[in-house]
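Report on the structure given below.
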Amino acid sequence: MPNASSWSASSPLLLLWEDSSGTRIFLSLLYAVLAISGTLSNVMVIYLVFSFKKLQTTSNAFIVNGCAADLSVCALWMPQEAVLGLLPPNSSSLRSAEYRLLRGGLLGLGLTVSLASHLLVAFNRYVLITKLPSVYQALYQRRHTGCMIGLSWALALLLVPLLPGLWTPGSAQQPPPRQTDGGSRYTTLLLALAVLGQTALLLHCYLGIVRRVRGSAKRVSVLNFHLLHQLPFPAAPPPPRRAQRRLSSVSVLLLCCVFLLGTQPLVWVSLLGFFLRPAPPALQAASWLLLCSLSALNPLLYTWRSEEFRRAARSVLP
């Protein structure tokens, strides 16, 4: 095992800072599992939304946008990491600067658009539940929705070339983050603060939904996040009002908890490394792994409580 001063000098994986074969094989298998499950789940959600008119709503448009971004991570980036983890550290494939930048670009593009989609979905649901229907319909016209999705990709395409080394801290022949120059450290700090601000806005939206649902005398369906009168089929008999509000709140809070678990470890590890001292390599690896695994979990987070998605999935699966 290399010492702390050389933990990323020869590692082929983004999350790998050890040269032991057991660790490399384990991470390769983990990448393979996440790649297969994440690709299947993201493709399934995209297919269902495009195949069933019932699912073609504004909220689901943002979900599909996030799934397309997550495919960049699950279907394009993770399989490469799984294969590279089985190669020897001195392999020529790992020493190509262009190839490392390509892998980093795929990861950066996917994660940036995915995080932006999380915020778009949260704000869409917040306006839908807490504002008047006229406000929602005026804000989320088809043209406005397309512009929001386009801006998320434009922002990602603008940031990825400006931050070539941020998404590849474990690449071969690349110094570890704590040995980089001050500009890179400040760039990492700004990105951590940006994710922290995005998380604060997302929590504000979802906690506002929870307060509205718990304090409302009406039964508002935040499980499917659609206007009740727009459902194309009769809704199932709802549970009692108090149980409905409790279940809705638990679903929203569970989504927030999973999102926080996936994003905040890397944010606080980055802040710790900037203001105090770099975190242990194992902790940095775990934080990156949690963030990347969120791309495989996102489709389940947004569809597991939706009866519409379950009906559509049962109609296409054996």
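Cβ coordinates are placed from backbone N, Cα and C, and glycine is handled just like the others.
Quantities reported herein were computed from a predicted structural model and do not represent experimental measurements.
TrEMBL annotations:
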DOMAIN    41-302  domain 'G-protein coupled receptors family 1 profile'
TRANSMEM  25-50  transmembrane segment
TRANSMEM  62-80  transmembrane segment
TRANSMEM  100-123  transmembrane segment
TRANSMEM  144-167  transmembrane segment
TRANSMEM  187-209  transmembrane segment
TRANSMEM  250-276  transmembrane segment
TRANSMEM  282-304  transmembrane segment
Chain residues outside the transmembrane segment (250-276) and at least six past its termini with a C-beta under 8 angstroms from it: 115, 118, 177-178, 185, 188-189, 191-192, 195-196, 199, 202-203, 206-207, 209-210, 222-223, 283-284, 286-288, 290-291, 293-294, 297, 301-302, 305
CB contact flag for the transmembrane segment (25-50) and the transmembrane segment (282-304), at least three pairs under 8 A: yes
Positions on the same chain near the transmembrane segment (62-80), where near means CB under 8 A and six or more residues out: 31-32, 34-35, 38-39, 42-43, 45-46, 49-50, 103, 106-107, 109-114, 117-118, 120-121, 124, 145, 148-149, 152, 156, 292, 295-296, 298-299, 302-303
Confidence summary for the domain 'G-protein coupled receptors family 1 profile' (41-302), mean pLDDT rounded: 77
Beyond the flanks of the transmembrane segment (187-209) by at least 6 residues, Cβ under 8 Å: 115-116, 118-119, 122-123, 125-126, 129-130, 163, 166, 177, 222, 252-253, 255-256, 259-260, 263-264, 266-267, 270-271, 273-274
